[in-house]
Structures are given as structure tokens and as C-alpha cells.
Amino acid sequence: MNNIEENHVILVDIGNTRIKYSLLCHAEEEPNACEDANSLFSFIDSQKNISHLYIASVRNQELVDEISTMCNERHITFVEKHTEKEAFGITNSYDNVQKMGVDRWLAMVCAAEKSKKAFFVMDVGTAITVDFVVDGQHLGGWIVPGFQVMRNALVASTKKVFANDEIPTTFGVGTDTEDCVATGCHAALYGVYLSAIDYISSKQTDFDIILGGGDKKVFAFLKSADNMRLAHLVMQGLARYARSELLKGTSA
């Protein structure tokens, strides 16, 4: 990589609730997580040889600026990725691409590397996003409340409905109120998944499903299929950019 080793590059994903990070050489593995910039840089400083930091954020710019400043103090090249109109053979359907969260874009970048077919990519987190791509053209997508957001909204908006923190591991029904809330939210999310299959099937009969996100365990009950792939979507999307740009020497 132009004399830049993959263990000298760190990838940072600032999501709605956590900061996740991974060395480029470990992008395909479960990322680490922390709560703030100081914790992130405790890890970076322990490595002693980080030369590049690639970052994507769906949170406030203040945290990104703080990380940028801390990179400058350490002479680490800081690269923030944003949603683009076109890259890696994918054309974004948005007229104003800056309205699309970079997490969705990177999920598509990741998915397009894993699939040479039509696909939908489902990122299961605080929100659930689904995006559809056929022949490199992004058709559009959905944004849906995630399991915990859905459950919390239901409890907050009703007077005699209660919930627990359990996420069902099998698909079924509840026999008390707490279980009914959990299994009901579970069923709603399964409905999104089935609707995504219906939609892409109307466009292309041969397709892949790329599934990822911090809460993807809500779909643990799904049987594995030949056309399903699991991925660390944002990390692997960032990794694809980093490898492409550092190989070409365009980020420094």
C-alpha cells in the first residue's frame, strides 16, 4: 500500500450511540467500541504508528472536529468520507447526495464489493436502513425505527404497556405484555425484511442480501441462505475507500 501498512491505518465509525473503530487490517472483524474521543485516542496512542485515520460520522460535527484536531496534534492524516453521487460502480439515486447519511452510502460501497448481483443492504441499528441496488444503480431505500426506538416509542405513547430489555432470539408471539411488545416489534422488523425481498424480487429475480449493523442480532432467527452475506458495513465501506485511495496515494 504505497509503503503504508494496513496496521498503520485506523477506521472510525461515529454512529448515533457509539464510536466504533478498527485497524484497517482488522476491518472484516468485530470492531472495538468506545464513548468519546479521549478513549479512542488512548487506543491510537497505544499503537504508536498510526499514520492515517479514516472517519465517517452521522453525529454532530463537533466530535469530528475534536478528532481532527487530535489527529493534527499527532501528525496523523485525517480523512473524512462523505456520501458521493458515484463511486465503485454505484450511482446514487439522491439528487442532493449530502442529504443521505454516509452510513447508508458506505453500506452500499461495502455491499457492492461483496455482491456482483442486484442486492439490498440492511443496516440494523438505532435506525434500520434498507437500500436497493440493481446493475449499479441505487433505486432508493427505506429508513425505519430500530427495535429499541420502536419499543421505547410504544411504551412512551401508551399508559398501560410495559417492556423489558429482552430481544427475542426466535420468531413468535408473547404471552404477557412485555413479551407481546418485544415480539410485536420483532414482527414489524421482520416485515421490513420480507418487504425488502418482495421489492427487489419485482426488479430482479437473482439477488443478494447484505445484512449488518450493531443490532443485527434481531434477525438471528433467520436461516442462512446462499444469497445472504453478513458484514460490518460502515467499517468495510471505509476500508474499501482507504485501500483504494492509499494504493493510489490520493489521501495524503
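Using the three backbone atoms N, Cα and C, a Cβ is placed for every residue, glycine included.
The ATP site recorded in TrEMBL includes ASP13, ILE14, GLY15, ASN16, THR17, ARG18, ILE19, LYS20, and the single candidate from THR83, THR91, THR126, THR129 that the record places there is THR126. Its Cβ placed at the centre, ASP103 (substrate binding site) has 23 other Cβ atoms within 10 Å.
A strand conformation is recorded for ILE19 (ATP binding site) in the three-state DSSP classification. Looking only at other Cβ atoms within 10 Å, the busiest spot among the binding-site residues THR17, THR126, THR177 turns out to be THR126. Nearest Cα neighbour of ASP13 (ATP binding site) among the listed binding-site residues (TYR94, GLY101, ASP103, ARG104, THR177): ASP103.
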